[in-house]
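Here the structure is laid out as structure tokens; the discussion comes afterwards.
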Amino acid sequence: MAAAQVISNSGHEDMIHDAGLDYYGRRLATCSSDKTIKVFEIEGEAHRLVETLKGHEGAVWCVAWAHPKFGTILASSSYDGKVLIWREQHQNTTSPAAGSAWTKVFDFSLHTASVNMVSWAPHESGCLLGCASSDGHVSVLEFQDNSWTHQIFHAHGMGVNSISWAPAAAPGSLISANPGPGQQRRFVTGGSDNLLKIWDYNPETKTYNLSQTLEGHSDWVRDVAWSPSILSKSYIASASQDKTVRIWTSDASNPGQWTSQQLEFDSVLWRVSWSPSGNILAVSGGDNKVSLWKENLKGQWEKVKDIEE
């Protein structure tokens, strides 16, 4: 098993809130209450700070890399209510020493409160970024024909904490004799109203519409994560301030029906994250531990590992 790499000298002057590796695992972006984003190059056990991005006026909560087919693009969201899109531009020069430079290519500032999370859609759906804000609204930014467009709509009355996109292919489409209509644009949001909401894109009206509300948590939903698996079932994990994780399951044969299994913990929970294959769930919370969970043959979720700091 690969050993964890620790970057102890991040250069940030305050708490780090998020860190994300790019598609290839060669770049790491971090963000902090010091209002900056730092980009590191990772090579084996070594790391090197290559850029510090400044543009936010408050703590930066979240960073997210776009798929490389759209270029080297990084999104960030902040307490200042802004979403910034950054792009690495290679210098137009014959000198190999000239390298590249990061520039801010889009500044989205229509939210009226903190933007808590940003999430890129699967690349098959296009260059789409979902944004969750404490103002109760969700926005979806789209890059097309060299320009950015946006939609913004109300989602949760007490604020939106998290957002996660469904896989572009519907569950069961790989193994179905009669596959569905191809690409889907769906995402789930988690709110301070204790609810999860699933949103579907209507290509005729070009709007995102509420298709399902999932109830079960008794406190704020801090994070949601839609599993990337496209086998026979859809899985959504949600982490809550009520010290539980719920794993919601929907079968391809009955896509509107969701059932949930509850995992109980001793502390408030902050984040849930699926493995790339979508079969292992990582959970982290206020006890500084990460636990890994997997579904057994009986359909029950079991803890397979604890990772302590």
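Just so you know, glycine gets a Cβ as well, placed from its N, Cα and C.
Record features (Swiss-Prot):
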REPEAT    11-50  repeat 'WD 1'
REPEAT    55-96  repeat 'WD 2'
REPEAT    110-151  repeat 'WD 3'
REPEAT    155-209  repeat 'WD 4'
REPEAT    216-258  repeat 'WD 5'
REPEAT    264-303  repeat 'WD 6'
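In the predicted model, residues of the repeat 'WD 3' (110-151) average a pLDDT of 96. Counting residue by residue with DSSP, the repeat 'WD 4' (155-209) contains 0 helix, 24 strand, 31 coil. Sequence-distant contacts of the repeat 'WD 1' (11-50) (same chain, six or more residues past either end, CB-CB distance under 8 Å): 5, 56-65, 67-68, 72, 74, 76, 78, 86, 102. Proximity of distant same-chain residues to the repeat 'WD 6' (264-303), defined by a Cβ-Cβ separation under 8 Å and at least 6 residues beyond the stretch ends, is recorded for 222-229, 235, 237-241, 243-245, 247, 309.
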